[in-house]
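So the structure is just underneath, and the comments pick up after that.
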Amino acid sequence: MSEMEQQPIFKIALGIEYDGSKYYGWQRQNEVRSVQEKLEKALSQVANEPITVFCAGRTDAGVHGTGQVVHFETRAQRKDAAWTLGVNANLPGDIAVRWVKHVPADFHARFSATARRYRYVIYNHRLRPAVLSHGVTHFHQPLDAERMQRAAQCLLGENDFTSFRAVQCQSRTPWRNVMHINVTRYGAYVVVDIKANAFVHHMVRNIVGSLMEVGAGNQPESWMAELLAAKDRTLAAATAKAEGLYLVSVDYPAHYDLPVLPMGPLFLAD
């Protein structure tokens, strides 16, 4: 057995924040920029060996994360500061490690997760934004957030989300359990906050697209329940844009004792 093989293997979890506007999504792909590729490159430089990461949720092109969780295995023995400050020094400015935690061998960023939470930020104003143009979705028609909130409550619990599932979704089942969904106005911003055990492809953006139709008065509040019951994607509204969507937190069993930080994004309180 070589000296390298005799060294212990460490399993490490990281909290990751990123602005997804310049990336073709989380997942590593040939010849395009991905968050995973940039993170693995930075980790490999610090570890001085090739590193592969596994994430809690693979976000699409243009989608952001303030609470993404990843894990990786390494034989490199480093101080926590190396996995935070050291890795951040090797990352582009729009990706950052927020925390580090050594985890037991049975931990998996995706399969150990019990819930994911997303926030979708709509800038509801007649005129488009400039500074936050890649971090919010602009919708110029006035939205009634209270109407959207009432309409959304039919989505709670375990349901078949075929009407809000992308045609190309590869999940074996359209059934998901929504634990909460809240629509709140903060001045010119309307935020849709949704937590579920997992999500089918484009589920949040498809729900938001339809909720905006309700909020704008183009559809009745009862429309969301009708869409859910219909199990037909063609009846729902267009998919909302990627730039307003953030993966803000991932839940794990308490015994893993992972850090819990403010979710954000931007000005949003927890």
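In case you wondered, yes, glycine gets a Cβ from its N, Cα and C as well.
Checking the ranges 87-91, 97-101, 107-111, 257-261 against Swiss-Prot, the region 'RNA binding' annotation falls on 107-111. Looking at the stretches 33-37, 38-42, 123-127, 168-172, the one that Swiss-Prot records under the feature region 'Interaction with tRNA' is 168-172.
Of all the recorded sites listed here (Arg58, Arg78, Arg126), it is Arg126 whose C-beta has the fewest other C-beta atoms within 10 angstroms.
Put simply, of the recorded positions Arg58, Arg110, Tyr118, Arg126, Phe139, the one whose Cα is nearest the Cα of Arg78 (site 'Interaction with tRNA') is Arg110. On the 0 to 100 pLDDT scale, the region 'RNA binding' (107-111) averages 99 in this prediction.
For the recorded positions given as Tyr118, Phe139, the lowest number of other CB atoms within 10 Å of the residue's CB is seen at Phe139. Here is what falls inside 10 Å of the CA of Arg126 (site 'Interaction with tRNA') among the recorded positions Arg58, Asp60, Arg110, Tyr118, Phe139: Phe139.
Listed in sequence order, Gly25, Trp26, His202, Ala242 are the same-chain residues six or more apart from Asp60 (active site, nucleophile) with CB atoms under 8 A from its CB.
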